[in-house]
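Here the structure is laid out as structure tokens; the discussion comes afterwards.
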2 protein chains.
Amino acid sequence: MYVLGVYDINVKRVAKVKKIFSRYMFWMQNSTFEGNLTKVQLRELQRELNSVVNPNEDHIIFYVIRNEDVVTKTIIGERHSEPSNIL
Amino acid sequence: MYVLGVYDINVKRVAKVKKIFSRYMFWMQNSTFEGNLTKVQLRELQRELNSVVNPNEDHIIFYVIRNEDVVTKTIIGERHSEPSNIL
């Protein structure tokens, strides 16, 4: 499955959330990861995230798309560099 | 077409970008809009955004999906309120 993960996380927890995401998916830009995951991997990722986030302050949306072929991606602006320093 | 727009915009321009997005799509969370757009609407939205963003500092990704039926959405955390005050 092709998965997009977008998050809005309190700054206190954002480094932890990024670290978890980056073990499963690719960083695309600030607040956005994407990747191909199995159902089991997605469940595991969500389990890990649930153990870190505060549901009153944080919000994550997963868009799970049956396959990548139905998605076209267009970008405005230059590619920012990976936030490797904060992982 | 079902469109997701996620952006990483310098704070100086973010209010303008949100205002443009909100005329075409629905606000989902900080940095994320979604909606059903025609090709013409998407082109018009991108044209407006291009006139505002600085490509060296800003970055927007559009995921264009053939139809909404192939997308499943799951959410972690509570729904934040609409940022109506900044529009």
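Backbone N, Cα and C atoms are what each Cβ position is placed from, and that goes for glycine too.
Annotations in TrEMBL come from automatic prediction, not curation.
If you look up TrEMBL, you'll see B:Asp8 marked as Mg(2+) binding site. The Cβ neighbour count for B:Asp8 (Mg(2+) binding site), using a 10 Å radius over every protein chain in view, is 18.
Look at B:Asp8 (Mg(2+) binding site): DSSP puts it in a strand.
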